[in-house]
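Note sheet for the following structure.
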Amino acid sequence: MRILHTIAEVRDFRRSQGQATLGLVPTMGFLHEGHLALVRQARAENESVAVSIYVNPKQFGPTEDLSRYPRDLARDLALLGEEGVDCVFIPDNEEMYPTDFQSGVVVKEITQPLEGARRPTHFEGVTTVVAKLFNIFQPTRAYFGQKDAQQVAVVRQMVRDLNFGLGIVVGPTVREADGLALSSRNKYLTVEQRATATVLHRALRSAEAHWQSGERDSDALRSTMRQLLEAEPLARVDYVSAADPATLGEYAGLIPPGAGALLSMAVFFDRTRLIDNVLLSGDATT
Ligand code: PAF
């Protein structure tokens with residue numbers, strides 16, 4: 001497994017691969033089974049696999065957790081070695097954003113609701129670094145997790161709008177046995193918070209059960225989720241949403257016949273903010 005720190009090294013690596021298909025898994029490190037599932041999928045679908053590990057400062061707001069974001073590079077590299085990854089790119093900030101760096105990639109409407117409304121600079125940071133990684137690696141496919149549903153929608157929009165010539169592959173959310181979605185931020189939870197944090201999954205499953213019984217009132221779906229979340233004293237709801245999966249626009253009242261819905265939420269446990277979602281298919285209409 002090649003460990004590369006500079007863009008020039010990545011370009012040499014890519015050239016040395018000739019016409020081989022390349023799967024890229026962009027990460028911020030502190031890898032968990034969710035990342036490794038994406039790596040395995042990339043391994044199965046491409047001749048060559050690259051992983052980037054870079055805690056991108058541009059996607060953190062001034063009051064967010066950049067400085068305390070968990071890191072364990074030695075463990076990450078050991079895990080990636082076991083998965084047969086060909087190359088790991090670990091740039092520093094100067095390599096990604098030299099002092100005269102001036103550009104940013106902005107995706108407009110779809111970045112405005114949900115995460116974008118609470119984290120106004122977040123998605124520009126994500127699209128800028130992801131666009132750079134796509135240009136640096138020229139991958140055949142790039143792999144993202146459905147847990148960051150809005151990130152997936154934003155990256156897809158960027159790829160369409162700016163004609164990046166690659167496929168975006170989305171892996172399902174990987175969960176603990178009790179339903180908590182895997183996230184590097186779970187590490188911040190106290191024992192009590194960790195036990196309570198299953199409420200995100202419980203709230204989503206409950207609303208999903210209502211959907212499967214034919215509930216199409218978006219207010220009722222949001223209220224089902226909110227009631228369960230608010231019953232947990234350690235949880236503080238940031239938002240709950242029932243949105244159009246294509247535009248991420250919030251539904252008001254009845255969801256149109258045949259349409260699907262993205263149910264999503266962000267919940268604080270003290271300073272730790274967790275997100276989760278479930279995508280409901282319109283085809284399941286009863
Ligand atoms: O999902 C993440 O870990 C990050 O947002 C990403 C895609 C690696 C960009 O920094």
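For all residues, glycine too, the Cβ spot is worked out from N, Cα and C.
Here is what TrEMBL records for this protein:
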type: ACT_SITE; residues: His35; note: active site, proton donor
type: BINDING; residues: 28-35, 145-148, Val174, 182-185; note: ATP binding site
type: BINDING; residues: Gln59; note: beta-alanine binding site
type: BINDING; residues: Gln59, Gln151; note: (R)-pantoate binding site
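Spatially, by CA atoms, the recorded positions His35, Gln59, Gln151 include one closest to Ser184 (ATP binding site), and that is His35. A Cβ distance below 6 Å to any atom of ligand 1 is met, among the recorded positions Met28, Leu31, Gly34, His35, Gln146, Ser184, by Met28. According to DSSP, the residue listed as 'beta-alanine binding site' sits within a helical segment. Here His35 (active site, proton donor) is positioned 11 angstrom away from Gln146 (ATP binding site), judged by their C-alpha atoms.
The candidate set comprises the binding-site residues Met28, Leu31, Val174. Of these, Leu31 has the most other Cβ atoms within 10 Å. Between the C-alpha atoms of Gly34 (ATP binding site) and Gln59 (beta-alanine binding site), the distance comes to 20 Å. Less than 8 angstroms from the CB of His35 (active site, proton donor) sit Val25, Thr27, Val51, Gly145, each of them six or more residues away in the same chain. Other Cβ atoms within 10 Å of the Cβ of Ser184 (ATP binding site), summed over all protein chains shown, number 19.
For Gln59 (beta-alanine binding site), the same-chain residues lying six or more positions away in sequence with a CB closer than 8 A to its CB are Thr121, His122, Phe123, Gly125, Val126, Val129.
Distance from the CA of Gln151 ((R)-pantoate binding site) to the CA of Leu31 (ATP binding site) is 18 Å. Other C-beta atoms found within 10 angstroms of the C-beta of Gln151 ((R)-pantoate binding site) number 22, with every protein chain shown included.
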